[in-house]
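Colleague: Here's the feature list from TrEMBL:
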DOMAIN    57-140  domain 'PKD'
REGION    141-187  region 'Disordered'
DOMAIN    177-266  domain 'PKD'
DOMAIN    278-363  domain 'PKD'
Amino acid sequence: MLAVGAILCFLTLGGLALMSGNDGSQSEVPQAPTDPTLRSIDDTNSIDTVSEEPVLPAADFWSDNTSGGAPLKVQFFDESNGSPTSWNWNFGDRVTSTKQNPIHTYTTAGVYTVGETVTNEEGKDTEIKTKYITVTSSKDTDTLVDTGSTEKNTDTASRSGGTALTDTASQSTGTAPTADFSASHTTGEAPLKVSFTDESTGSPTEWKWNFGDGSPIIDGTTSAYQNPTHTYEKAGVYEVKETAINSVGRDTETKTGYITVTAPDSTDTTSEPTETAPDADFSADITSGTAPLTVTFTDESTGSSTEWKWNFGDGSPIIDGTTSAYQNPTHTYEKAGVYEVKETAINSVGRDTEIKTGYITVT
């Protein structure tokens, strides 16, 4: 039996709850909620609930090779963020797969676009790589004589009738890259701006970065992708991944716990006065009249708003912007009716909404 004042923790998962007290006792409680949520109850019967913030998936993938003669066997690797629970691949040759890391064989020469769609509880995302796989006919790779780093290679085949066909191509032999990178600094207060420097070997021509904070993965071939700059907005410890790619292959360098971002020092007396959330309010130059009725609204909010959102209540699109046209908009009511008007005033601290029911009457 638990002592009075003991703290109970419930971990609910899969229809059961495990109840633990700070006196060491444990018991299972059936019929628990099925969401993976941590709940705690103290001696005042207060309940705290902590759930992970939902994250939409971000699809991405790569393959062990992207070109070769038919039949070409390709291993695809899912590299999506957001913990997807299902995968749907389209290999571009009317073949699909639902495996996470499928293997597919292209049997016909051609250039193929590959798409991957990933799904989790919050939604789905699709990554499409155009002209990603190039498959040549089998005769193009029958006989290749490789004598050095860059050589002319002769492919000779015989058709029925004894005619010899010679195909001459230039094949570059090299090495796959070895990824590595450094950062201008690895610790600091949020927002922390970090410049990353690619230090890979093997002459990569494409770079892919995952900064570990949930921001989109970047992937490109210019210097902006080779040596990117990224700003970490929130406190945390972040893993960084760089993938270096060339025509021969790819390599990924992962640095766990590489960037440490701390919260700004709240004791800094030199900081500017604290901004407050706005208090929304507005007025109109006219509130009744015959259709079509043109009304000019005036924002009267306090708290230094920087963005304004309006819903005029007549089914027209909600407007949202940061200029004076959005602060003090003009709207025309085309049909008779009594309309509710809403204004939301927003700044960096928060937002507030003012609702005026039956504010505009159009006859």
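Note: Cβ is positioned from N, Cα and C throughout, glycine not excepted.
Automatic prediction, not curation, is the source of TrEMBL annotations.
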Colleague: What is the number of residues in the domain 'PKD' (177-266) that are helix, strand and coil, as DSSP sees it?
Modeller: 4 helix, 50 strand, 36 coil
Colleague: If you average the pLDDT over the domain 'PKD' (177-266), what number do you get?
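Modeller: Computed over the domain 'PKD' (177-266), the mean pLDDT is 94 on the 0 to 100 scale.
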Colleague: According to DSSP, how is the domain 'PKD' (278-363) divided among helix, strand and coil residues?
Modeller: 4 helix, 48 strand, 34 coil
